[in-house]
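So that you can see what the record holds, here are the features copied from Swiss-Prot:
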BINDING   G135, A136, T352  pyridoxal 5'-phosphate binding site
BINDING   R193  substrate binding site
MOD_RES   K327  N6-(pyridoxal phosphate)lysine
Amino acid sequence: MSVAAKYYPNEPTEPKVVTSEIPGPESKAKVASLGEVFDSRPAYFVADYAKSSGNYIVDVDGNKFLDVYAQISSIALGYNNPALIEAAKSDKMIRALVDRPALGNFPGADLEDILKQLLKFAPKGQNKIWSGLSGADANELAFKAAFMYYRQLQRGGHGIDFSEEENSSVMENTSPGSPQLAVLSFKKAFHGRLFASGSSTCSKPIHKLDFPAFNWPHGEYPVYKYPLSENEEENKKEDDRCLAIVEDLIKSWPTPVAALIIEPIQSEGGDNHASKYFLQSLRDLTSKYNVVYIIDEVQTGVGATGKFWCHEWADIQPPVDLVTFSKKFQSAGYWFHDDRFIPNKAYRQFNTWCGDPARMIIAGAIGQEIVDNNLVDQCARVGDYLFEKLEKLQAKYPTRLINLRGKNRGTFIAFDLETSAERDQLLKLLKSNGCNVGGCAEKSVRLRPSLTFEEKHADIFVDALEKSIGQL
C-alpha cells in the first residue's frame, strides 16, 4: 500500500472544479468579508481545511485542487494527516498549548525530550538547536548568533567580558557596543521580511519598500545554463565569476563582513540552484576570512529535494556554522555544532517564548513520519519520474517550458515562461484545470508538493499542465 493510500484512503482520485472561475462566488464573498478585519488582498481562494485531504486542498465553493504548492512549501505530509492529528491530541501538546511556557526562564520537564526528538533530524555535522517562531525569525536569530560569535573572537575569546565603553555606547546605538558589521547575502535572495532579514533579502521591491535597511552587500548568485550536463564548462566559469565577486566584497566592504547567508536553491528568487562546487568554495572563503557561514534551509529543507536537507547534496566540509529552518517543519530555529555560538552570557539570545513547544512537538512528529515511511527516498523517486515527464513536455512545447531545472532534486522543480504575463495566465489556467501551483521571480513556475505526492499525482499534474499550455 502506498503512503498516500495508507494516510488518506478518502483522498480524491482527481481534481474537481465546480465554479466557472477561481476564486468562486463563496470565496469572493468570504475574502471581501475577511477584508473588513484583515488584509485579504493576497488570497487566491478561501480554503475549507476540514474537507481537504492528503494532496488535495478544497475551497469553500467545493472545488478540489491537486495542491502542488502546499502552503508555499510548508505542508510536509498532506492535509489532515492522521499521525499529526494524534500528536496534536497528546497530553504533552495540550500542556504546551494551554500553558505555553516562557522556555528561557521556565522550561518544562519535557522540553529536553522534545528537543532531542527534533535533533534526530538535524543536518549532518549539527548537534545543537536554538528555536524560533518563523523563517525570518530564524534568520534574525542566526545573524545575532553570528555577530556575538564574531565580536567575542575580536575581544579575545569566549570568556572576555564587555568593556565599560561597550556597555555605555550600546545604549546610544553607537560603536563599539553597537558595532558596524555586515551580513553578505545574494541578489535575488529571500531570507524574510523583518529588518535584518529584510536587509539580506533582494528578490522583489515589494518585500522591502519604505523600510530602513542595513548597508549590507549582495553578491552574485550563479545563473546556470540548462541542461546542466551540456553546459558544465560555462557553468563552472559562472561559479568562479560569482566567487570572485564574493571574495572581493568580503575584502573591500567598508564594514567587516561577519557572516554570509545563502539558500542552496533560491526559491522566491526564481529556483536558482547553487552547485556543489559553489557551496563548498563558499565554505573555503568563509573559513579563510573568518566569516560565519549560514545556510538558509527554510524552504529547501525537510525532504523536498531528495535529501532531508538540500545542502547535504554538496557534502560541505567542514560543516557550515549555522543552518536555519522552518516551513515544512512547522517550527523554526537554527542548527549549530560549535559551543562558541552559545552567547558568553545568559539573556543575550532570549525572548519571552524562545520558540514554541507545541510547534516543536509537531515538527518532531513530522520528522518521525518522514523517516518511518522513507518519504525522502519517495520524494527523490517521484521527482525523477516527474522530471522525466516534464522533459518530454518541454521537448513538445519548447517555448512554453523554458529552463526546466531541478533534475535529481526531488520534486523541487521549476521552469520559466517567456513573460510574466504568460506565467500568470498559466497559473490561472492550472487552477481552472484543478491544480494549485505557485510562481516565483518574474516568470517562473515552482513545484512544491507535499512529501506524500506520488506518481499518480504527478500524472494528473502533467496532464493538467499540458492542457493549460494548450489554452495559453
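Glycine is no exception: its Cβ is also placed from the backbone N, Cα and C atoms.
What Swiss-Prot annotates, mapped onto the structure for a quick look.
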residue : record                              : contacts (Cβ under 8 Å, 6+ apart)
G135    : pyridoxal 5'-phosphate binding site : H191, G192, D296, V298, Q299, T324, F325, S326, K327, A332
A136    : pyridoxal 5'-phosphate binding site : H191, G192, R193, L194, S197, G198
T352    : pyridoxal 5'-phosphate binding site : A102, G104
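Neighbour density around each Cβ, counted as other Cβ atoms within 10 Å, peaks among the recorded positions R193, K327 at K327. DSSP classifies A136 (pyridoxal 5'-phosphate binding site) as helix under the three-state reduction.
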